[in-house]
């Protein structure tokens, strides 16, 4: 019996214990431990340059109050990129294809930005629910619409990351299955399909990195509205 294409998104288990916790903890093992010197090899130098450039770009539109989030945003970015890239390796599992994990990241961080806005500048935070110059009859409708859009933000964050990674993995598995089926019957077509699979894999690597960046970038935009 053929395995379902969606079985690749099921969390693997060992002796009845889900291994998603191991998959989530694995990225931190791959990074070098802090040495006595700031920069002692090319890997740490490259990693430091990447984090510095990303942090500068991300925090550019934020004021000084938002700079406290630099460590959290940089850590989340590195974590998401690592588990997204590791999920492209054979016989691995991508935790970010699980909506529960992505919502676990999106909801608390989004809620933190909202709470910061309500605490520091409640008038400005509530002012986003009603644009200036709105006609009086439209005020209740616009408040309801803006409130709904505010609460949809974390769902959009989690669903966007889940949907993009899930679609990419499904396409890779579908094309890979087509290559194995066509290889004994039409080798030329199978080779061309394999070339498409290789290009799609490169595209999926870019998608894994871009989606991690977009996730953190949207969080920074939400923070920008509340600081």
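Cβ coordinates are placed from backbone N, Cα and C, and glycine is handled just like the others.
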TrEMBL annotation (transmembrane segment) - matching range among 34-52, 205-223: 205-223
Distal contacts, the transmembrane segment (205-223) - CB-CB under 8 A, six or more residues away: 54, 58-59, 61-62, 66, 69, 73, 76-77, 80-81, 84-85, 87-88, 105-106, 109-110, 113-114, 116, 153, 157, 160-161, 164-165, 168
Interface-richest range of 12-31, 101-118, 138-159, 171-199 toward the transmembrane segment (69-89), CB pairs under 8 Å: 12-31
Residues of the parent chain within Cβ reach of the transmembrane segment (138-159), under 8 Å, 6 or more residues beyond its termini: 99, 102-103, 105-107, 110-111, 114, 128-131, 215, 218-219, 222
Chain residues outside the transmembrane segment (101-118) and at least six past its termini with a C-beta under 8 angstroms from it: 20, 24, 72, 76, 95, 124-126, 150, 153-155, 157-159, 161-162, 215, 219, 222-223, 225-227
